[in-house]
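Worksheet: one structure, shown below.
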Amino acid sequence: MTDSTRSLRNCLAPAKLNLFLHITGRRPNGYHDLQSVFQLLNWGDTLHFTLRDDGRVARVTDVPGVPEESDLVVRAANLLKAHTGTAAGVDIEIDKCLPMGAGLGGGSSDAATTLLALNRLWQLDLSRTELQSLAVKLGADVPFFVFGKNAFAEGIGEELAEVELPTRWFLVVTPRVHVPTAEIFSDELLTRNTKPVTIADFLAQQNSDAGWPDSFGRNDMQQVVTSKYAEVAQVVKWLYNVTPARMTGSGASVFAAFQSKHEAEAAKAQLPTGWNGAVAESLNEHPLFAFAS
């Protein structure tokens, strides 16, 4: 990342994985209670921010399928302007890398990186807690990315506790299919009564490499998604022939963990022709963590 008084360039918006995802209940308002562990990756979209003197917020790169006015990045910047009353403006460039509808948190991560970067570029000096209170207005995953550490999540995903995770390499395979999150959450076959676990339960298992990630918990959405989307089921089945694998979020991406980059790259090299795979290392904290206190 490069930093100047008028621009911040090469700001990573990292992907996340759900190492497990349990749905423990459903609220009267339709929201779901969940438990999960969020893992940051050193792979994601790259954003560039340049000050404008006219106060406007503008996305200067096209993102296919995402109108500028509804882009979470633009909404995040405008929310920050409205909250602080700053007269500053910004041009935002986005180099998209993460697929949409993949369970990797791409749009949410872009929004969080925008909040953190503009907190620095606009010299707002908002606390992390204040930024998280804004982030929750943008989406359930955005507060996690502002939180900036690997986390055990509860509630609707907004109750976060930092967890220390070992360094691992991941192969993430994304089928060429978009899985709408709302469709999966509303499916009558979705399990919504998984027994709650504790952080201690998870930490007791996370240092064991045997059978990881399926040595702890599951993704309650995986069975619903694989029953509806054959492409996802095919990836899960193929990866399981190599090593234990699990879907992240509501899909469609599926991941497997390895002890080294070499092992992950070797597995990627075996992917069938036309499959989209990425190798990424785990992160302990968000690259812009220092942009809020």
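Positions of Cβ are set from backbone N, Cα and C atoms, glycine also.
What Swiss-Prot lists as active site is Lys16, Asp141, and the listing cites sequence analysis. The ATP binding site feature in Swiss-Prot is assigned to Pro99, Met100, Gly101, Ala102, Gly103, Leu104, Gly105, Gly106, Gly107, Ser108, Ser109; the stated evidence is sequence analysis.
In sequence order, Ala13, Pro14, Ala15, Lys16, Gly44, Asp45, Leu98, Asp141, Phe145 are the residues of the chain that are 6 or more apart from Ser109 (ATP binding site) and have a CB within less than 8 Å of its CB.
Counting only same-chain residues six or more apart in sequence, the Cβ atoms lying under 8 angstroms from the Cβ of Gly103 (ATP binding site) belong to Asn18, Val179, Met247, Thr248, Gly249, Ser250, Gly251, Ala252, Ser253. Highlighted in sequence order, Ala15, Leu98, Gly249 have their Cβ within 8 Å of the centre of the Cβ atoms of Pro99, Met100, Gly101, Ala102, Gly103, Leu104, Gly105, Gly106, Gly107, Ser108, Ser109, the residues recorded for ATP, and are not part of that set.
Taking Cβ-Cβ distances under 8 Å and a sequence separation of 6 or more, the neighbours of Gly107 (ATP binding site) in its chain are Val66, Asp71, Leu72, Met100, Gly139.
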